[in-house]
Amino acid sequence: MLPAFILVSMIVLGVSTVMAVFTNSFIIAVNLIDKAVSKSLSPSDLIVITLCVSNIFFQLIMLINDYMSFVCGDIYFQDEVYIISTVLLILPIYCSFWFTVCLSVNYYLQIVIATHPLLIRLKLAVARLVPQLILASLFISFATGLPAAWNFHHDSPSVNISMNESVEISVPSLNVVYLLPSNLISCSIPLILVAITNGLIIKSLVAHNSDKNTKGELSARAEGRVRAARTISCLLFLYISFYISEILVFIEIFPQSSPGFCTCLMIIYGYSPAQSIVLIFGSPKLKQVSLSLVRCV
């Protein structure tokens with residue numbers, strides 16, 4: 001019989017994975033169907049699709065990783081298995097962070113009232129730049145994530161509880177020399193860029209809060225700014241929560257099964273489905289289709 005903490009963690013992770021796969025697949029399906037009908041895919045939709053694919057991959061890899069560590073830790077913590085699974089987990093995390101940057105920048109370029117020549121050129125070229133930004137995000141993520149495979153070392157043996165048995169194992173861990181620059185490049189820098197973009201969107205929103213039509217209602221552009229600011233702010237909040245939780249779990253500041261550790265674990269497990277829900281309610285198209293689906297059900 002598995003310990004209660006591990007059993008509950010497995011159930012929560014299983015439920016969050018089902019939710020993440022469903023909601024992210026829903027976003028991908030709606031956008032692809034829309035492309036098939038309209039024969040076009042907006043830059044935002046393209047970024048959202050790649051972000052959802054990354055989230056699905058991350059959630060499934062996390063499910064496999066944690067279930068293996070819970071149930072068969074003696075196999076999971078073998079060097080080859082642990083290194084491959086860790087690298088596969090790092091890559092979608094880094095990709096998700098950089099895709100969030102792409103989405104934030106795209107939202108800003110779409111709604112900002114540009115007066116500077118550089119911004120005007122970027123607004124006009126955004127459709128052409130987005131695929132390049134996605135490729136650059138993939139390149140940076142792989143360039144910072146793949147070297148993890150060659151930067152492991154063994155800590156002193158620790159106790160792993162598996163199937164109600166305590167087993168002393170030597171757990172591989174990443175070198176700090178690798179962790180610091182890789183986290184700076186693919187975690188901290190994207191976080192700063194998303195925060196800056198969010199601030200610029202809010203600044204644009206405040207500067208043009210009087211942008212109303214003849215009926216005194218917000219214009220379509222103003223509504224777009226409000227929606228973009230709300231979406232990026234929620235994504236930024238999730239990003240910060242996830243990042244802090246990952247750091248706290250990694251440095252083992254909380255003992256396992258403690259309230260702090262459980263809170264961090266729930267935030268990590270819920271990151272992908274929560275992000276997809278934010279994306280759904282941040283898009284009028286996705287929100288309308290989802291509400292129609294709920295009414296039908």
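Each residue's number is its place along the chain shown, starting with 1.
Just so you know, glycine gets a Cβ as well, placed from its N, Cα and C.
Under the heading domain 'G-protein coupled receptors family 1 profile', TrEMBL lists 23-251.
The transmembrane segment annotation in TrEMBL covers 6-33 (among others). Packing against the transmembrane segment (6-33) from elsewhere in the chain are residues 41, 45, 48-49, 52-53, 55-56, 59-60, 62-63, 66-67, 70, 161, 265-266, 269-270, 272-273, 276-277, 279-280, 285-286, 289-290: each is 6 or more residues past its ends and has a CB under 8 Å from a CB in it.
The feature transmembrane segment is assigned by TrEMBL to 45-64 (among others).
Panel annotation: around the transmembrane segment (84-109), residues 43-44, 47-48, 50-51, 54-55, 57-58, 61-62, 64-65, 68, 76, 119, 122-123, 126, 130, 133-134, 136-138, 140-142, 144-146, 148-149, 152, 174, 186-187, 190-191, 193-194, 197-198, 200-201, 204, 228, 231-232, 235, 239, 246, 275 of the same chain, lying at least six beyond its termini, place a Cβ under 8 Å from a Cβ of the stretch. Summarising the annotation, TrEMBL assigns transmembrane segment to 84-109 (among others).
Residues 43, 46-47, 50, 83-84, 86-87, 90-91, 94-95, 98-99, 101-102, 105-106, 122, 174, 178, 181-182, 185-186 of the same chain lie 6+ residues outside the transmembrane segment (129-150) yet bring a C-beta within less than 8 angstroms of a C-beta in it. What TrEMBL lists as transmembrane segment is 129-150 (among others).
Residues or ranges marked as transmembrane segment in TrEMBL: 183-207 (among others).
Beyond its flanks by at least six residues, the transmembrane segment (228-251) meets 93, 97, 100, 103-104, 107-108, 110-111, 187, 190-191, 194-195, 197-198, 201-202, 205, 260-261, 263-265, 267-268, 271, 274-275, 278-279, 281-282 of its own chain at Cβ-Cβ distances under 8 Å. Among the features that TrEMBL reports, transmembrane segment is placed at 228-251 (among others).
Among the features that TrEMBL reports, transmembrane segment is placed at 257-281 (among others).
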